[in-house]
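A short write-up of the structure that comes next.
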């Protein structure tokens, strides 16, 4: 069956743009969000303890301040936990004007807030109201009246050093990052304190860098005493982090295959370039013909030398080999003529794959790469923090910087979930319930939303029996990590966003084996053969998410090679749209973890890159503005309703994925992505009818609704920038809608933002939508692709159709 190019929906396919009005049948916000506590007595008990501790802790904090430092301003901060979501657009000014509190940051998706006490007299009024509530409920002083706002507070506490420092001071080493607070209404206070802090650091002869675009400081090896003095006196530090990076932990394998040189026959072609952010790429390895001759990009060491991993087999080099040569070449052990899919640029950030790396220098180097090689769209990053993220933990400054980089440069970084090295000792068999443990959560920066996160499936890219412990090749490995966000702990059941999860997909990474039915172990028969950095060696065995990730980057390179003008988010959407969970069933006890562990599933390499005569992928690249609804008709061939296809139900399957990148916002986990862009497929109705309530006219196709819910404007759900839906189409559906469905996309920009949306924030938002339409009849007709081209405004992305061997 010849491969065919994917199809582009042209701009002529757009039918109408109208203002988006929510009239469809969602419950009102008041119906779903009961914030006042029912048990006032218990809340009063909590607030009584909180109030007493607050006064005690603020006295201790004042005693610890060093008056000799001459810090120009002191600012105390209080952390509130609310009964429900804090409505920034409604209460930001009230808290500032009435209580002397300026909102600084929000966590737990709006249910926890950090406030600066700007006016202590006004804040005392607030505390007095809390005291009245305590007296009335605990001391039965029924004549007292208090303000209702007290009822929305579950607890509060003074921000202290133990909340700011995210590590043990006595174990600190290497680089420390200080995330600075934002005071939009009192920026002068912050500027004055920061100026004094710079002087203090210089007086201490402490090496530091100020990352102004990301509002943080990097300190090089501060002593615990200096760090403590900074945090206790300079009241603009929101958090202090100190986390080492690590690559995949090597397995204890002994087998090395001494293979002859790999015959790469197309190294002179104009291939896509993948940036390998790693431990270097060896210029004497088999991958050398594909290595861009540029040593400009290294934080330390020679980017053409890779001595990481056991026996100096390297880490960046095998990653580069997988990224450039892909799954099929590795599956065939590089026999015969080898066709590469990409070239590689070595971006060296570490010699040995562990330790402390300057995030500021790393991100700056990525911008330098894009300045020199603007054509590079794809990067791999298989180095993560060695500390897993706590459940529902906020985005780190590092993740923010990478998301910002991806948006500003139209790039896509493929990031591993990181390995859970404890999995081998924590388990004696394959048990998916293990992923209930918080220690299986992903590591920073795998939570990056604009980039692409990859976990490991058990497949080991080998033409041999499967020896791993997983229930099948497509199942996730126990050492892969799951997404750390659990919205069920924050929101009511009807406000869960089913598209808000990481990783994006899982891909072959090897597996553990059951050794003598008594314990788990690494073993060569379940690992992947990868290219060694050592010139005198051929291949060696490895296992890990570090090696799943470049395999997905390779698919991205294949797509870029075929369709060089596509946006990186379109590449992301094509890969996710091809992925499937069909072969990865989770039992009931862990079914809710399936997306958090396996993402959108295991990738179909062929569907990502090509269509065929019975399966056509349509690509829509467009943009949308705030409060707009766009509608595009999708026309289906007449033969689907006029020909006996052997069945009436499920004759066609539609799979669609929306992806877009955004400029992230700091200091508010809920509005980190302020863009609600959603889509769905509707009946053949007018745009005005699609947004009407179900009681007026039901435009929904059975089983489908919007890909995510934007109905809750003041208390929104967190918005995902990757959404997917599926639809099985019956003959009756097509007959009823005259062979046309309507694809609708709408956009809302949240107003739940501290200080409001920045004035320079973009006004127009590009998005990528990929739609695969596939015949699911027993005997395919071979007509679908060509018929869809005839009846829709379609452009074949290139006129050249390439008849290649399908790669699976």
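A Cβ is built for glycine as well, from the same backbone N, Cα and C atoms used for every other residue.
Going by TrEMBL, these are the annotated features:
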{"type": "ACT_SITE", "residues": "294", "note": "active site, charge relay system"}
{"type": "ACT_SITE", "residues": "315", "note": "active site, charge relay system"}
{"type": "ACT_SITE", "residues": "546", "note": "active site, charge relay system"}
{"type": "DOMAIN", "residues": "273-596", "note": "domain 'Peptidase S8/S53'"}
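According to DSSP, residue 315 (active site, charge relay system) is assigned to coil rather than to any helix or strand. Within the set of active-site residues (294, 315, 546), the lowest number of other Cβ atoms found within 10 Å of a Cβ is recorded at 294.
As a whole-number mean, the pLDDT of the domain 'Peptidase S8/S53' (273-596) in this prediction is 95. Rounded to a whole value, the Cα-Cα separation of residue 315 (active site, charge relay system) and residue 546 (active site, charge relay system) is 9 Å. In the three-state DSSP reading, residue 546 (active site, charge relay system) counts as helix. Straight-line distance linking the Cα atoms of residue 294 (active site, charge relay system) and residue 546 (active site, charge relay system), rounded to a whole number, equals 24 Å.
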